[in-house]
Amino acid sequence: MNVVQGNIEAKNAKVAIVISRFNSFLVESLLDGAIDTLKRFGQVSDDNITVVRVPGAVELPLAAKRVAASGKFDGIIALGAVIRGGTPHFEFVAGECNKGLAQVALEYDLPVSFGVLTTDTIEQAIERSGTKAGNKGGEAALSLLEMVNVLQQLEQQL
């Protein structure tokens, strides 16, 4: 039986982190978690990490698409925070962001890790950005590292 399974060390991986500035007090913690994970677990050097800042979550897919089209990166981590309010705006922003990032991954055959918080309350977002529910930025980085390795293995075996 042949099992393809990624590990999380990716010393030579070139990673772009596309991050929204909206809700920056939360998103900066996600960025810290992602970078810490890339460096500590993935052994990725500072020189191989590029951070791209955009206004909000809606802009993440376009920036990710441009990064992917450059052909210079092994993967992309998207970070942001969308918190439900009193209007349907939340569903539109969260849904389009998710769909757009998934489309980039499929169109460019490149791992795009979804580290965008989509929560009902600010308290839930705070919990997921480095307090009692962990750091979803770090989790997105772990997922990306594993997928970079899985895709490299598939390329070698297929």
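Backbone N, Cα and C define each Cβ position, glycine as well.
Feature annotations, courtesy of Swiss-Prot:
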ACT_SITE  H89  active site, proton donor
BINDING   F22, A57, V58, E59, A81, V82, I83, F114  5-amino-6-(D-ribitylamino)uracil binding site
BINDING   G86, T87, R128  (2S)-2-hydroxy-3-oxobutyl phosphate binding site
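Of all the recorded positions in the list G86, T87, H89, R128, the shortest Cα-Cα distance to V58 (5-amino-6-(D-ribitylamino)uracil binding site) is found for H89. Rounded to a whole number, the distance between the Cα atoms of R128 ((2S)-2-hydroxy-3-oxobutyl phosphate binding site) and V82 (5-amino-6-(D-ribitylamino)uracil binding site) is 12 Å.
Pairwise Cα distances among F22, A57, V58, E59, A81, V82, I83, F114, which the record gives as the binders of 5-amino-6-(D-ribitylamino)uracil, peak at 16 Å. Scoring each of the recorded positions (H89, R128) by how many neighbouring Cβ atoms lie within 10 Å, the top position goes to R128.
Under the DSSP three-state reduction, T87 ((2S)-2-hydroxy-3-oxobutyl phosphate binding site) is assigned to coil, being neither helix nor strand.
Within 10 Å of the C-beta of A57 (5-amino-6-(D-ribitylamino)uracil binding site) there are 27 other C-beta atoms, taking all protein chains into account. Taking the Cα of H89 (active site, proton donor) as the reference point, the closest of the binding-site residues F22, A57, E59, F114 is A57. Of the recorded residues, I83 (5-amino-6-(D-ribitylamino)uracil binding site) and R128 ((2S)-2-hydroxy-3-oxobutyl phosphate binding site) place their C-alpha atoms 12 Å from one another. Among the listed binding-site residues, namely A81, I83, the Cβ with the most fellow Cβ atoms inside 10 Å is that of A81. DSSP gives F22 (5-amino-6-(D-ribitylamino)uracil binding site) a coil state; it is part of no helix or strand. Rounded to the nearest whole angstrom, the C-alpha distance between F114 (5-amino-6-(D-ribitylamino)uracil binding site) and G86 ((2S)-2-hydroxy-3-oxobutyl phosphate binding site) is 24.
The maximal spread of the (2S)-2-hydroxy-3-oxobutyl phosphate binding site, taken as the longest Cα to Cα distance among G86, T87, R128, is 23 Å. Among the listed binding-site residues, namely F22, F114, the Cβ with the most fellow Cβ atoms inside 10 Å is that of F114.
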